[in-house]
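Okay, so here's the structure we're looking at.
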Amino acid sequence: QCFRALCCKGPPPARPEYDLVCIGLTGSGKTSLLSKLCSESPDSVVSTTGFSIKAVPFQNAILNVKELGGADNIRKYWSRYYQGSQGVIFVLDSASSEDDLETARNELHSALQHPQLCTLPFLILANHQDKPAARSVQEVKKYFELEPLARGKRWILQPCSLDDMEALKDSFSQLINLLEDHEAVRM
């Protein structure tokens with residue numbers, strides 16, 4: 001009886017996998033955040049040109065994240081990579097210049113209204129909270145006009161930095177909950 005309990009359990013249940021797209025301007029910290037979540041050294045991070053895909057493991061899910069480069073000449077092609085996405089991660093540099101913040105705002109508005117993304121869960125990360133010039137989550141929410149624009153959509157706006165991995169992991173746990181709810185509604 002004891003032997004059967006130890007040896008005949010079978011494999012652990014499979015974790016659900018979700019395909020996500022990660023967008024944001026160059027320098028917002030997309031690659032660094034994803035690398036850190038994958039326990040890779042952020043020292044060797046190079047800005048993404050084109051796109052890269054990372055499988056980010058969590059206890060209750062695996063996130064297959066397609067990170068798209070944020071340079072001017074790449075952003076116009078973002079929509080070609082949206083198909084098949086089940087959720088969106090948008091990273092913004094909360095300590096960036098007014099011009100970059102305005103560009104990020106426009107890109108987020110485009111993504112929230114894009115036909116392939118508009119019904120999907122969004123995790124919006126206000127990165128670089130450890131920098132002195134960082135805007136608070138409330139300032140970002142107001143500046144980006146998230147309340148009126150994203151009303152009725154499933155989204156989370158969270159502060160983050162590479163220094164606070166627990167908060168970052170918590171943000172992703174909240175996203176996983178939204179993804180699970182979204183999948184349950186679709187079925």
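Just so it is clear, glycine is given a Cβ too, placed from its N, Cα and C backbone atoms.
Unlike curated entries, TrEMBL annotations are predicted automatically.
Pulled from TrEMBL:
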- GLY24, LEU25, THR26, GLY27, SER28, GLY29, LYS30, THR31, GLY70, ASN127, HIS128, GLN129, ASP130: GTP binding site (BINDING)
- THR31, THR48: Mg(2+) binding site (BINDING)
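Separation of the C-alpha atoms of SER28 (GTP binding site) and THR48 (Mg(2+) binding site): 11 Å, rounded to the nearest whole number.
When the binding-site residues LYS30, HIS128 are scored by other C-beta atoms within 10 Å, LYS30 scores highest. THR26 (GTP binding site) and THR48 (Mg(2+) binding site) have their C-alpha atoms 8 Å apart, to the nearest angstrom.
Within 10 Å of THR48 (Mg(2+) binding site), as judged by C-alpha distances, the binding-site residues found are LYS30, GLY70; the full candidate list was LYS30, GLY70, HIS128, ASP130. Non-local neighbourhood of GLY70 (GTP binding site): ILE23, GLY24, LEU25, THR26, GLY27, SER28, LYS30, THR48, each in the same chain, at least six residues away, with C-beta under 8 Å from its C-beta. Sequence-distant contacts (6 or more apart, same chain, Cβ under 8 Å) of THR31 (Mg(2+) binding site) comprise VAL45, VAL46, SER47, THR48, SER52, GLU67.
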